[in-house]
Amino acid sequence: MSSSWNSVGLEVLYQVLGWVAFFAWSFSFYPQVILNYKRKSVVGLNFDFLVLNLTKHSSYLIYNAAMFFSPFIQRQYHDKYGDKEMIPVAANDVAFSLHAVALTAFTVFQVFIYERGIQKVSKVCISITAIVWTAAIVCLIIAWPKSDWLWLIDVFNSIQVGMTAIKYIPQAIMNFRRKSTIGWSIGNILLDLTGGVLNFGQMGVQSIDQHTLVNFYGNIGKTLLSLETVFFDVLFIIQHYVLYPAKKDENDDFPVLPIEVKHVAAQ
């Protein structure tokens, strides 16, 4: 028997939480894009963050789209976790991933058309990205003969989890070194935190309805994504409001200082 919701109310709540999280996460991309446009410059934006973020969202899109649209992969999931278990990907997950890849790619496009100073992608970032995509291709070759597509998309899910953890670290270190969060939009962080909390709540609602925690460990990537997002966003909020508070919120229009460029380029 295929899986279904036991409570209509919980199903509605699940959809509401998912779509609110989608809009919160989606809107969090726009402050940086608008700021770049206003300044006609990307000086101060970490290029390593962009590359790692594009890898992260591309991997997440592959996982979500494959799980949501492929009956074959859904059958493999049910064979592994049970026919009564619901797939751990909702329509809003796919929509978010599509939007995230598009906005991140557009931000990369801005790097090529606007002033970027001396900034460039670090060799470490290039190496990590090359290793990750090479490993993904190797896994595709391994999965192809046996049609082990569930295992393959789980690999992409793991990639996006790893990229989520890595991509935030340079910004946190840079804030610590500068003893300032100027140039890092707190609005972006607040929206990101809202999406992370609601995403985790959405999974909790499904678990309550199904009386199981399978969707947490059956989609470990989504679980870790929410936890990582909440952890780093709380860290950034502490840095912004407690450790390095500014008298005036200058994150949107403050010109990038030379010391900021130096630290960004060094990441």
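The backbone N, Cα and C atoms fix where each Cβ goes, and this holds for glycine too.
Copied over from TrEMBL:
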TRANSMEM  12-37  transmembrane segment
TRANSMEM  58-74  transmembrane segment
TRANSMEM  94-112  transmembrane segment
TRANSMEM  124-143  transmembrane segment
TRANSMEM  149-169  transmembrane segment
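Here the transmembrane segment (149-169) does not lie next to the transmembrane segment (12-37) in space: the count of CB pairs under 8 Å, restricted to residues six or more apart, is fewer than 3.
Scored by C-beta pairs under 8 angstroms, the transmembrane segment (94-112) has its highest count with 12-37, from the stretches 12-37, 58-74, 124-143. Beyond the ends of the transmembrane segment (124-143), by six or more residues, the same chain brings 47-48, 51-52, 55, 59, 149, 151-152, 155-156, 159, 162-163, 166 to within a C-beta distance below 8 angstroms of the stretch.
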